[in-house]
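Okay, structure first, notes after.
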Amino acid sequence: MGRGPWDAGPSRRLLPLLLLLGLARGAAGAPGPDGLDVCATCHEHATCQQREGKKICICNYGFVGNGRTQCVDKNECQFGATLVCGNHTSCHNTPGGFYCICLEGYRATNNNKTFIPNDGTFCTDIDECEVSGLCRHGGRCVNTHGSFECYCMDGYLPRNGPEPFHPTTDATSCTEIDCGTPPEVPDGYIIGNYTSSLGSQVRYACREGFFSVPEDTVSSCTGLGTWESPKLHCQEINCGNPPEMRHAILVGNHSSRLGGVARYVCQEGFESPGGKITSVCTEKGTWRESTLTCTEILTKINDVSLFNDTCVRWQINSRRINPKISYVISIKGQRLDPMESVREETVNLTTDSRTPEVCLALYPGTNYTVNISTAPPRRSMPAVIGFQTAEVDLLEDDGSFNISIFNETCLKLNRRSRKVGSEHMYQFTVLGQRWYLANFSHATSFNFTTREQVPVVCLDLYPTTDYTVNVTLLRSPKRHSVQITIATPPAVKQTISNISGFNETCLRWRSIKTADMEEMYLFHIWGQRWYQKEFAQEMTFNISSSSRDPEVCLDLRPGTNYNVSLRALSSELPVVISLTTQITEPPLPEVEFFTVHRGPLPRLRLRKAKEKNGPISSYQVLVLPLALQSTFSCDSEGASSFFSNASDADGYVAAELLAKDVPDDAMEIPIGDRLYYGEYYNAPLKRGSDYCIILRITSEWNKVRRHSCAVWAQVKDSSLMLLQMAGVGLGSLAVVIILTFLSFSAV
């Protein structure tokens, strides 16, 4: 609001003017010669007055002159509207007077269109905002001195122009904020309905099979007309390795994802009466353990009987279908001749028959006690049978014999001899092969001479090998032969030693075996990354080698922790070694290249890189002189911030973003927006200079750092950005206002 027209300042300035007018009027009223009718000579704009006994002509108010020959209009407005009428006015001169009018946006305090300030009337500001709807739909009116401005209300954005605006001169209008469709969350979905107006919220949830750590699941529509970036990160549920079950082993392949089923079978000697044992991966990322357990089986051996004089048969009552059971058969024999010693031996038998039977190599004319029980870990109540073998004709000797196997690689030869203590010679021919090694062959041949009636020969056989053993009785008219097959089990001792890694992905080890004997090795490799939960690499393969010191190089991914299980197929015992591969250069940035010549640089679009070769640590935007592009090394660490840059010839880091701060879709980075990105200032480009803008991706893990770079843009003869020009314009306007203020203050 302005001050009244008769403030102290203007009144002091009018005082000399009034004194001057008084002097002029006094001069016009001087008396004339005696006898002259002075009043008749007064000017038409003068008045005759009687003063001190004399008549004088005085110009009327608003005129100046001698009152008789001259009374001219006095232009009161020549001293300025502010001095005459007051602030926010325009002065209008009239014959013999003047009147004042308030400027647009102001009104006179006497509520008339014109006024004379001598009654105290002055101009006061009009509050245009009292008129509703002045700024149209969505607009908010703000009163100013002599005018008003329009701004958009909360929930609205200006369209077709900036704020503030004037509805009569500007095309700007206010439109309701509409954020549109909310952003998508990978592997997530929006819960319920939503609106897209200011302040609206949408809630996200992970789809089945995925979960998120406790984070904000809400995205809001902001005043910028965009949705907040969702912070929900859905990760696939992975329950890891299934739990161990007492007296059970895990069988088959299983999935660690939601709904994956791990299946177990009970160990030898145990069973699950309630059914199959399974464990299921739940939505909590944990395994739901089975309520069923493996209980010990107590095998009952019934109905033991003798047949063919030396063969024994029995029955079992196991509830399992086709149970493969190992038996221990203890034999104790006493010849009818009390002078002969007691003979004891043990025979092992493995079979899945419910009515097992075994033929024993027994002496004739001997009392035997046979004890049958199951081998550990299976338990049973032992069964016992006693019997006597029949006598034979000592003169009968046809050279026939039979063979029984015990302790896996030992043979017992039983021949009816004409004479106790007679010498016999046997020829052994042994040939071993492995089904999984086409070139493997173990052959040996030897003679064995003995005087024992039931000699025992233990063979030196390789594990996990199928052997054919042919035994021929020499020095016999009929040269009787017996052929048997032996399948040796895997070795119970370790056959691999001194395993070590070299060249990051290669292994070497020492094989404990006979020289030049081919062996097959089974590899099971499992790779994981702590920084990439969804990553899982599993490999299974085998190799064959006859070397005592085999070596193999593996096809491993960079930046990964591996567990390698190595087992020789001839052994049951694997060895496990851990390997860690170092990271390599991250994938090249996916950028859209720009070349700009004397124009503003468009916003650069940053896309998130995939963590293929190691964890992504950060993204950097580097601004270099164009001349340095050909010599720039991506691995260089010399680039500094803009303010610590020693010379214009050096490059600087304009922005640095941590990988976790880069959205999954993309984000835009305007070059030269005068903002800080991390610790780095994004400075405007210098006018008239040539620049090269580079995007650098950094991967860091295990104290190793790798980079990859891509040229984002080339800027030649750079001009000021729109943002810079706006800043300069506002700065210039501020200077003009300050100088004008100082000029008025000095008056």
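The backbone N, Cα and C atoms fix where each Cβ goes, and this holds for glycine too.
Copied from Swiss-Prot, the annotated features are:
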- Cys39-Cys48: disulfide bond (DISULFID)
- Cys42-Cys57: disulfide bond (DISULFID)
- Cys59-Cys71: disulfide bond (DISULFID)
- Cys77-Cys91: disulfide bond (DISULFID)
- Cys85-Cys100: disulfide bond (DISULFID)
- Cys129-Cys141: disulfide bond (DISULFID)
- Cys135-Cys150: disulfide bond (DISULFID)
- Cys179-Cys221: disulfide bond (DISULFID)
- Cys206-Cys234: disulfide bond (DISULFID)
- Cys239-Cys281: disulfide bond (DISULFID)
- Cys266-Cys294: disulfide bond (DISULFID)
- 35-72: domain 'EGF-like 1' (DOMAIN)
- 73-112: domain 'EGF-like 2' (DOMAIN)
- 125-162: domain 'EGF-like 3' (DOMAIN)
- 237-296: domain 'Sushi 2' (DOMAIN)
- Asn87: N-linked glycosylation site (CARBOHYD)
- Asn112: N-linked glycosylation site (CARBOHYD)
- Asn193: N-linked glycosylation site (CARBOHYD)
- Asn253: N-linked glycosylation site (CARBOHYD)
- Asn348: N-linked glycosylation site (CARBOHYD)
- Asn367: N-linked glycosylation site (CARBOHYD)
- Asn563: N-linked glycosylation site (CARBOHYD)
- 30-721: topological domain 'Extracellular' (TOPO_DOM)
- 743-747: topological domain 'Cytoplasmic' (TOPO_DOM)
- 722-742: transmembrane segment (TRANSMEM)
The mean pLDDT across the topological domain 'Cytoplasmic' (743-747) is 37
Within the domain 'Sushi 2' (237-296), how many residues are helix, strand or coil going by DSSP?
-> 0 helix, 21 strand, 39 coil
Subset of recorded positions (Asn112, Cys141, Cys179, Cys221, Asn563) lying within 10 A of Cys150 (disulfide bond), CA to CA, in sequence order = Cys141
What is the three-state DSSP composition of the domain 'EGF-like 2' (73-112), stated as helix, strand and coil residue counts?
-> 8 helix, 16 strand, 16 coil
With a 10 Å radius around each C-beta, find which of these disulfide-bonded residues (Cys39, Cys221, Cys294) has the fewest other C-beta atoms nearby.
-> Cys39
Reduced DSSP state (H/G/I helix, E/B strand, rest coil) at Cys42 (disulfide bond) is coil
Drop a 10 Å sphere on every Cβ of the disulfide-bonded residues Cys59, Cys77, Cys179 and tell me which sphere holds the fewest other Cβ atoms.
-> Cys77
Other CB atoms within 10 A, centred on Cys281 (disulfide bond) | 24
Pick the one among the glycosylation sites Asn193, Asn253, Asn348, Asn563 whose Cβ has the fewest other Cβ atoms within 10 Å in this structure.
-> Asn193
Select the closest residue to Cys266 (disulfide bond) from the following recorded positions, measuring between CA atoms: Cys57, Asn87, Cys91, Cys221, Asn563.
-> Asn563
Once the DSSP letters are reduced so that anything not helix or strand counts as coil, what is Cys48 (disulfide bond)?
-> strand
Write down the Cα-Cα distance for Cys77 (disulfide bond) and Cys57 (disulfide bond), rounded and given in Å.
-> 25
Judged by the number of other CB atoms within 10 angstroms, which among Cys48, Cys91, Cys135 is the least packed of the disulfide-bonded residues?
-> Cys48
All chains considered, the count of other Cβ atoms within 10 Å of the Cβ of Cys150 (disulfide bond) is 23
With H, G and I counted as helix, E and B as strand and the rest as coil, say where DSSP puts Cys59 (disulfide bond).
-> strand
Can you see whether DSSP assigns Cys221 (disulfide bond) to helix, strand or coil?
-> strand
Could you find out if DSSP has Cys71 (disulfide bond) as helix, strand or coil?
-> strand
